[in-house]
Ligand code: SF4
């Protein structure tokens, strides 16, 4: 693409602008316009992403996210990347919902370590109302410690989202995973529309939205563009956007997927930043396989949040000391919060 083509990208964007519910103009992105961004020369893409980033965020401010699995494994869905599905033999041992006491203890420890938000993931397809009642108690316990709360529990109905809001839930994570056109290759026990419906219920309840996806699942580049367009066209777009690089867990159907080229991953981060300037763009699952240099490029591309700690829900993560060393090496500030990511590569909603 040459510089003239950049004008075309801009034109696509402005021509498709819409007015959001709060009266602010929000761009509508076509898949073609997103593809054009992804195909920019690398230096141009990085320059544009960093420029957008500096306009909307303090430089070098990296949010550290922590996550607790409050109910692990045994999920009846068949998300092809997920070791928590009961359909796949991945060695994950199913555990029932943790007690209020256990969660309070973990939340207290997170707060003592500097966390300001505490996130809970449960491997359910869709919680029952009695599950929501129990999670409401967990939320209240977390809030009682003065922490913000977030959760990822699977599909929700409207009244369940309202019940979670009434219990004090601040954020809900529910990922779109991939583009609609590739979704059926990843999971067939639920539909893309199911995902969108849950996100709409969460938004309508007044809970902040955390929503992203996974790359490296064998999708074509057009599907990455399609995912990014879907996320950016949510109105409003999510407050947090976790981008996962598939962790290929033995025993899952996607274990043999072709890994994404690391520079392609950086491009996805950069385009997410350009499309959703005010979102926290989070490096989530798969950081271990990226290495320090690629992570540094991701920060340059506009990522400003990482999952932090030795473990996500069930897969590994770079250890906390290694993260501190990397951020120190880069001269970055960081602050600990707990955020949730329907962390894809290991259990999208958990
Ligand atoms: S990603 Fe979530 S819904 Fe899918 S199998 Fe894993 S725990 Fe279940």
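A Cβ is built for glycine as well, from the same backbone N, Cα and C atoms used for every other residue.
TrEMBL labels come from automatic prediction, so no person has curated them.
Listed in TrEMBL for this protein:
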DOMAIN    60-287  domain 'Radical SAM core'
BINDING   75, 79, 82  [4Fe-4S] cluster binding site
BINDING   119, 150, 210, 282  [2Fe-2S] cluster binding site
Measure from the CA atom of residue 210 ([2Fe-2S] cluster binding site) to the CA atom of residue 79 ([4Fe-4S] cluster binding site) and give the result in Å, rounded to a whole number. 19
Residue 82 ([4Fe-4S] cluster binding site) in three-state DSSP notation: coil
Using DSSP reduced to three states, classify residue 75 ([4Fe-4S] cluster binding site) as helix, strand or coil. strand
Fewest-neighbour residue among binding-site residues, criterion Cβ within 10 Å, set 75, 79, 82: 75
Alpha-carbon spacing, residue 82 ([4Fe-4S] cluster binding site) to residue 119 ([2Fe-2S] cluster binding site), which is rounded to whole Å: 19
Based on a Cβ-to-ligand 1 distance below 6 Å, what subset of the binding-site residues 75, 79, 82, 150, 210, 282 would you report? 75, 79, 82
What is the separation, in Å, between the Cα atoms of residue 119 ([2Fe-2S] cluster binding site) and residue 75 ([4Fe-4S] cluster binding site)? 19
Within the predicted model, mean pLDDT of the domain 'Radical SAM core' (60-287): 92
What is the separation, in Å, between the Cα atoms of residue 150 ([2Fe-2S] cluster binding site) and residue 75 ([4Fe-4S] cluster binding site)? 20
Cα-Cα separation of residue 75 ([4Fe-4S] cluster binding site) and residue 210 ([2Fe-2S] cluster binding site), in Å? 21
Run through the Cβ atoms and count how many others sit within 10 Å of the one on residue 210 ([2Fe-2S] cluster binding site). 29
